[in-house]
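In what follows, a single structure is set out as structure tokens and then discussed.
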Amino acid sequence: MVFLLCFFLVADVSYGINKDCLLPMDVGRCRARHPRYYYNSSSKRCEKFIYGGCRGNANNFITKKECEKVCGVRSRDSPKEN
């Protein structure tokens, strides 16, 4: 048990991604149509979706820039680090 706890703590620190960003995209239960962004852990990019306006989860950002900042996504336009 202690081994698993240590493993997950090390894995979390080594990947350095906000846990909210790993949540699945959730449109929520209501029927509004708010354009939002979520972090897609498969593509490792922030992608657009339509949010229903209530419930959902924390992987829900008003702008793509906010999503990229919180989830650590580098913009394709930013220079690469050496």
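Just so it is clear, glycine is given a Cβ too, placed from its N, Cα and C backbone atoms.
Model, not experiment: these values are computed from the prediction.
Here's what Swiss-Prot has on this protein:
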DISULFID  Cys21-Cys71  disulfide bond
DISULFID  Cys30-Cys54  disulfide bond
DISULFID  Cys46-Cys67  disulfide bond
DOMAIN    21-71  domain 'BPTI/Kunitz inhibitor'
SIGNAL    1-16  signal peptide
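Sequence features annotated in Swiss-Prot and their locations in the structure.
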residue : record         : Cβ contacts under 8 Å, 6 or more apart
Cys21   : disulfide bond : Tyr39, Ser41, Asn59, Val70, Cys71, Gly72
Cys30   : disulfide bond : Gly52, Gly53, Cys54, Arg55
Cys46   : disulfide bond : Tyr37, Tyr38, Tyr39, Asn40, Phe61, Lys64, Cys67, Glu68, Cys71, Val73
I'd like the number of other C-beta atoms within 10 A of the C-beta of Cys54 (disulfide bond), please.
10
DSSP-derived class (H/G/I helix, E/B strand, else coil) of Cys46 (disulfide bond):
strand
Would you mind checking how many other C-beta atoms are within 10 angstroms of the C-beta on Cys71 (disulfide bond)?
22
According to DSSP, collapsed to three classes, what secondary structure does Cys67 (disulfide bond) have?
helix
So for Cys67 (disulfide bond), how many other CB atoms are inside 10 Å of its CB?
23
